[in-house]
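Here's what Swiss-Prot has on this protein:
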type    : residues                                            : note
BINDING : H86, A127, H128, S129, G165, S166, N196, Y306, E388 : thiamine diphosphate binding site
BINDING : D164, N196                                          : Mg(2+) binding site
Amino acid sequence: MSKKTSTIPTYGRYPELDRVRFPADMRNLSVDQLKQLADELRSETVDAVSTTGGHLGASLGVVELTVALHAVFNTPDDRIIWDVGHQAYPHKILTGRRDRIRTLRQPEGLSGFTRRAESEYDPFGAAHSSTSISAGLGMAVAHHLRAEEDPSYHERNVIAVIGDGSISAGMAYEAMNNAAVAGPGANRLIVVLNDNEMSIAPPVGSMSDYLSRLMSSRQFFSLRDLAGKVAKRLPGKIERTAKRAEEYARGMITGGTLFEELGFYYVGPVNGHDMSQLVPILRNLRDADDQGPILLHIITEKGRGYKPAEAAGDKYHAVSKFNVVTGEQKKAPAGPPSYTSIFSRELMRRAKTDDKLITITAAMPSGTGLNAFAKAYPDRFFDVGIAEQHAVTFAAGIASEGLRPFCAIYSTFLQRAYDQVVHDVALQNLPVRFAIDRAGLVGADGATHAGAFDLNYLCCLPNMVVMAPSDEVELLHATATACEYDAGPIAFRYPRGNGIGLDLPEKGEVLEIGKGRIVREARRAPNARGGVAILSLGPRMHESLRAADQLAAQGVPVTVADARFAKPIDKALVEDLARQHEVFITIEEGAIGGFSSLVVQHLAETGLLDKVKFRPMALPDRYIDHNTQDAQYEDAGLTAPHIVRTAADALGVEVAQQSA
């Protein structure tokens, strides 16, 4: 047993899978052998994810497709792009990473998404949806241009695998629309539409399978081309009628009219779990010449082949560690309620007496805590799908007519709608409420899902109010404040995970806009100046108080303040802290250039910056990889010991560090 295989606990259990280190090892396998390989790959995926947690359901749904793609196409020269990347676990196992698959989403382990730096078989990084067709088209065009310049360079096939949810986003259609006019480079682009909701096409049957195989064959390509040439020789009106009749007939049979109108040659629907159908169809598409971009529509079942996943309502979309035999997921120890649930609770309470409250989310009703609102007030809840741009402008339209929309979106996904936030909301000063979940560092999903930039891109906008509650009680207050604020747009950001365990009041209080609070006052002689001021924005408050305890224990007076608002800043509070302390520290769970920049700007304008040692603490200027949230903040330098060290260095004193 080699060093590589010795790290695979299931090695020896799966004979076909054990023979495959890389896709080249499967290119000579028969269809029956590929079927066996798919069965073993599915079992290996279940076993691996049971030890790590992750996105299981999507991966189980594309096992046969993954095997077929790598068996038919010459990867990594041919490029396979997995949209989002939730479904890429089987792909990772087949591409030289089986020995590390049980490090998935673990510290220093494999990413939960595709990642260029991880493997040459990951030609394009992913984690956000609907990017695959644009990237794939770019690659296909680049290959064609390189081949034109260098006759020895062979064009490659580019396959973009996108789900029926992701293809609902506008970017996917922008890419398809462009593919039709992108020139001959687009001829090597194949889009595989993975439809696991059966939302587009009728059920798969033997006739559909037959037609799909027929339509992907060279004979059908040639026949269709001949028909087109004949039609062009007919008088104009007859030609148009013939073309419409042909498209109508194909649309009646296949449901592909929309994609044909966008310039794609449509094949499908195909049973995505039938290897005997997938392999010959993919071979036909691989060998097709000059047909333009192609869309292959496959029908799959999320969670396929693992009974607990098939029976679950969410098809085990995202799971924690679980028992392979029973499917029972390991529950985290009971703790305080999550920030998401606390936001939901206050919003639900307010909605009982305010029928103007409207909620909007972009395909994340459960993740944003709006599923309860959707059940209680279905007429006031809107899930717009993976369409953040539309969600924001839709909310702006609602706000323009006097209602109170809450747009609940993860911080990392709100980035996709920035122009709409600027142009459609802030510029018009419309009172849209942005509930920004997953702000800051988020743990196992890593840099692609970190909410690191919202403070930067929101605080620079005129008319925008931005709140960052420091704990669960403050989140109640922030939600209540947003409900009552009608003067313009307002946003509040809160982290992934649970609160710190504070007792919650029955309802949130409406805060004064732009006013912070002193949480702990420095102990020193009256009118004396000195010590350290820590102005914390958001959940770093707990670490700030820990740091204050350590500093105070060694004779350093410390004032800790809660900014509450990133914009507008509490100018009076900022000025008082600067005047009364030798060192002024700001700390935030956001990138450089956010809240601290507003504070230092005001200090500079008032001349107070010349009289205080100002030290901003923010996320470093790099992306922070997947890990636990605590480990990520340790890596970022935003824990109590880091605050103590920053204060001591500014004071020019030695301060002993206390253990956590």
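Even glycines carry a Cβ here, placed using N, Cα and C.
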Rounded Cα-Cα span from D164 (Mg(2+) binding site) to N196 (thiamine diphosphate binding site), Å: 7
Most crowded position, judged by CB atoms within 10 A, among D164, E388 as binding-site residues: E388
Max CA-CA distance, Å, over listed thiamine diphosphate-binding residues H86, A127, H128, S129, G165, S166, N196, Y306, E388: 33
Pairwise CA distance, H128 (thiamine diphosphate binding site) versus D164 (Mg(2+) binding site), rounded so that it is a whole Å: 14
Alpha-carbon distance [D164 (Mg(2+) binding site); H86 (thiamine diphosphate binding site)] in Å: 13
Lowest local Cβ density among H86, H128, which the record lists as binding-site residues, within 10 Å: H128
Nearest-integer angstrom distance between the alpha carbons (Cα) of E388 (thiamine diphosphate binding site) and D164 (Mg(2+) binding site): 16
Helix, strand or coil at G165 (thiamine diphosphate binding site) [DSSP, three-state]: coil
